[in-house]
Amino acid sequence: MTTFHVAGFPRVGAKRELKFAQERYWRGEIAEQDLLEIAQKLREINWKHQAAANADFVAVADFTFYDHILDLQVATGAIPARFGFDSQNLSLNEYFQLARGNQTQFAIEMTKWFDTNYHYLVPEFTKNTEFKANPAHYVQQIREAKALGFKFKPTIVGPLTFLWLGKEKGEAFNRFELLAKLVPVYVEILNALVAEGAEWIQIDEPALAVDLPTEWIEAYKAVYTTLKEKVKAKLLLATYFGSVAEHAPLLKGLPVDGLHIDLVRAPAQLAAFEDYNKVLSVGVIDGRNIWRANLNQVLDVVEPLKAKFGENLWIAPSCSLLHTPYDLEVETQLKANKPELYSWLAFTLQKVQELRVIKTALEQGRGAVQAELDASQAAADARANSKEIHRPEVAERLANLPTDADKRKSPFAERIAKQNAWLNLPLLPTTNIGSFPQTVEIRQARAKFKKGELSVADYEAAMKKEIEFVVRRQEELDLDVLVHGEAERNDMVEYFGELLDGFAFTKFGWVQSYGSRCVKPPVIYGDVVRPEPMTVRWSQYAQSLTNKVMKGMLTGPVTILQWSFVRNDIPRSTVCKQIGVALSDEVLDLEKAGIKVIQIDEPAIREGLPLKRADWDAYLQWAGEAFRLSYMGVQDDTQIHTHMCYSEFNDILPAIAGLDADVITIETSRSDMELLTAFGDFKYPNDIGPGVYDIHSPRVPKAEEIERLLRKALNVVPKERLWVNPDCGLKTRGWPETIAQLEVMMEVTKKLRAELN
């Protein structure tokens, strides 16, 4: 027998049922009991799908109403004291307030779950954090699964990863010191699961795939010795998202009953675990991407392992399936329009069926599943040879780029002099990051146009009306460099994906980003080409309305890559450079059309950093090159802007400077300009526009707040190189606060200008 198991399933449901139920509950349209019943139904459906695929265990304790790390904060009693809630008797309403904030407390901070596009809620630890077990949420799920007759395996994030993912608050201390207090509470939680009949418990320690300090690594032995001694269940220690080969001696010596390793992200690490003498669970189906596996190739890897490990070989997805959409079969439109592409994909329900085939082949031989293996092989062969994917001219163009293709003609000092000569901007020039409010009217017009209820002419007229409105408001505010407002764009990545060859879109390919927010990433399946201009006519129209400078707006190659499902048959770096080269055609067309200030947004450049420091340089090298390729060939007097929004720059500043954008605008208001200090210390050479107010809130900042931030900025950046702008785009704001916020920004800028002049 070969054990097949899953670490977790998507929580939101095939049609985002959980999202819609949560939002109705928050609006007071359904009662708590209704939400609980919908959630229970979704869990039951998930378990039935796993059982139907012949899984030996169904995953329990993986379901959450918002986030699994928030659930763990509740289960360990580690919720922030500032809320004043009792973790032992937390209501569902209070649970949601932790995630979303309330009148007196801001929400728990959110950040990316390792290098995925899922966000978790960051635990807040203080020196005096006291832990207290409350496993009710997990116990409830086990009882439901038992009542339905399923054999189950709970999955819970382990104590070291849980601590690692948190942040210290208040008095200075090292959160590692809390480990001794946390482990006994884990023992209590795990024993509550054992009392419900859990024979195996999966404990996830993905932190093992990052650069952990030595004391953290060394703690694994003591922690797992304690857990094994005091918990009467078999423990499966799971790692994923990267290689843990360097820790193989430690992991193989831990007193656990099995290990799970990710062979999709790190196939080479298998060699380090082939002599393991307990259960080895191998993640052989990609839990993070949507491509169908070549099952013959997977069997080539696992059949020798079966011969060696026998019943101790387990098979699984590489990680939780939370990161993949639910079911390919509902994509009837994709199947009709792109049948070949459809045949290359596998969503969650298809992935568990792939594991069923592998399990059957290992138990009964390949002949027992020959038809499925043949279909898998045919899809793999078709994909390898498809004309739709492989366009020789794209590879040729990349191969023949001159060695200095990604370099500007002249250094910044010479370029900026030429730019200033024609731009003729005042000191502290003002601009916006790009988008303006997406009103109900804009969204309705776009929806009607997509459904065919609005003609091309009527849709374009509606968008032009909106663009004119945005231009006039900016003129009234007396901003210096204007934007067209992006009314025609649904999303900063999807918009470009729809206009570039090599991209496709699903209708129901939603994955959870956080809480009730889901995203539907584009699918990059083939070589990327820009068949025709994408933004030129909109920017040209906007420029025709005003004598002020109009800025063109594009999304950069790294962000498009990061926020998509990316093909896995060529390196990500190659895909990224293809996108950069395709965007360069757009940049040159904008320049030709008289748009000579062009912003290329890269909010996701930091997100792409590999988990291990040793791999950073290689990534930053190709990401930087792809960005620079996106503006290759522009004239010195064309001004390239970029925008970035996140809070940690210090460790990648040389790479940011290496992008060689003439102007960088960054999100800094919420960190009180702290970020700028790093730019100052580094002596960042080009122009900078630090955000002077937070666009995530409808609040209108006071003049003195913006003035204080700008004066702080002037202490770091020479006045000749300082721009003034909001933190980010204004898409999610309403018009009244947008105008009021920008009025304050302009008032303060003019006051300081007069003073500096």
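Glycine residues also receive a Cβ, built from the backbone N, Cα and C atoms like all the rest.
The record from Swiss-Prot ties Ile433, Gly434, Ser435, Asp601 to L-homocysteine, and of the options Glu372, Glu486, Glu488, Glu494 it ties Glu486 to that site too.
Per Swiss-Prot, the 5-methyltetrahydropteroyltri-L-glutamate site holds Arg16, Glu17, Leu18, Lys19, Lys112, Arg517, Cys518, Glu607; the candidate it also names there, chosen from Trp164, Trp200, Trp563, is Trp563. Using CA atoms as reference points, the binding-site residues Lys112, Cys518, His643, Cys645 were checked against Gly434 (L-homocysteine binding site), and the closest is His643.
Cβ crowding, taken as the number of other Cβ atoms within 10 Å, peaks at Glu486 among the binding-site residues Lys112, Glu486. Among Ile433, Gly434, Ser435, Glu486, Asp601, the residues given in the record as binding L-homocysteine, the maximal Cα to Cα distance rounds to 13 Å. Mapped onto three states, the DSSP output places His643 (Zn(2+) binding site) in strand. Local packing around the Cβ, expressed as the count of other Cβ atoms within 10 angstroms, is greatest for Cys728 among the binding-site residues Cys518, Cys645, Cys728. Under DSSP, Lys112 (5-methyltetrahydropteroyltri-L-glutamate binding site) is assigned to a strand (E or B) in the three-state scheme. For His643 (Zn(2+) binding site), the same-chain residues lying six or more positions away in sequence with a CB closer than 8 A to its CB are Ile433, Gly434, Gln599, Asp601, Glu602, Pro603, Ile664, Thr665, Ile666, Cys728.
You'll find the Cα of Glu486 (L-homocysteine binding site) roughly 18 Å from the Cα of His696 (active site, proton donor). DSSP gives Leu18 (5-methyltetrahydropteroyltri-L-glutamate binding site) a helix state.
Comparing C-alpha positions, Leu18 (5-methyltetrahydropteroyltri-L-glutamate binding site) sits nearest to His696 among the recorded positions Ser435, Cys645, Glu667, His696.
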